[in-house]
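Features as listed in Swiss-Prot:
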REGION    8-195  region 'Interaction with CTC1'
DNA_BIND  64-165  DNA-binding region
REGION    201-305  region 'Winged helix-turn-helix (wHTH) 1'
REGION    306-378  region 'Winged helix-turn-helix (wHTH) 2'
Amino acid sequence: MPQPCLLMECESSPREEEIPPLFWGLDPVFLAFAKLYIKDILEMKESQQVPGTYFYNGHPIRRVDIMGAVISVKERETFYSYGVDDATGVINCVCWKKLSNAESSSDPAILSTARELSMTSQLKKLQETIEQKTRIGIGDIIRVRGSVRMFREEREICANIYYKVDDPVWNMQIARMLELPKLYQKVYDQPFRNPALQEEEALNNKDNLDLAGLTSLLSEKIKEFLQEKKMQSFYQQELETVESLQSLASRPVTHSTGSDQVELKDSGTSGVAQRVFKNALQLLQEKGLVFQRDSGSDKLYYVTTKDKDLQQKIYHIIKEDCQKPNHMEKGCHLLHILNCVHLNLRWDLSKAVLQRVLELLEDQSDIVSTADHYYAAF
């Protein structure tokens, strides 16, 4: 079975601080049964804050999903103990025995008729047959989903669900072997970091940001600047004269081409800064925070929440159309309103900007949402 990339986990774990439990729910892996290799389950670092929770590449993990061959079986009064091997390691799985309905209802005092006795007997025989055919022995393939725990200083899985895998031609095992490397690449080997520290890390690592990272950081700083100065409109050139923003946009950036890192030289700093400003403003436009009535980087930008003229025009469009028979009952759909804005105002307005204006008008009780993406004004 293919091996996961364990080097990243081994190198990153010692230097990374444990993420506070408050943020664990932000990682989808925390609530899922993580499909991990047994070797990784055995090597995961246990949380110091919440025993019973483990970390792989920063991902908090409580429950796992494994599939492998049974190499040992121990039967106890209330549970089975299976040693499961997936070709990367062996782990013990505690699987509780299923309660038999026949045993719980076979009390002669409860069974009053011969017919009930006969049905109970037949049911018991059926259950015995099923148990015989599904009995798990050495060499069988088993799938186990459960929580990871420590018992006598050894890590094991306490099963919530377990069953014998009927896979004579290896279809399920091959599918699993193909699935796990993709999960590792897309999910488990992508480190989960403390959201509270991400912005701080970005600020501390400005010199190592690529163009996309620097653009995202600059867009946040522009947003803060516009809010602080309470600006209603601006030109890109105005922002370029702000020393703090210009200093950030002029930082050296790296571009990844495969494994090569090519740093832009100082001779191109001015052009790169303009490009970063343009991309940052484009990002704010995509979020609906700013807009242009006419497209072009040299055109005036408007702050969406500060543009009273835009709010009034959209309000009047909704109010007028709601008086028409086809919109009187349900109101106007968001896309219909956007189309009216493009036709009547000839403004290059995006859906994201319109959504922010509609939310603002609704907060002010100027319009109401009558259904999903439908709005009415009175």
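Backbone N, Cα and C atoms are what each Cβ position is placed from, and that goes for glycine too.
In the DNA-binding region (64-165), the DSSP tally of helix, strand and coil residues is 25 helix, 48 strand, 29 coil. For the region 'Winged helix-turn-helix (wHTH) 2' (306-378), the predicted model reports an average pLDDT of 88.
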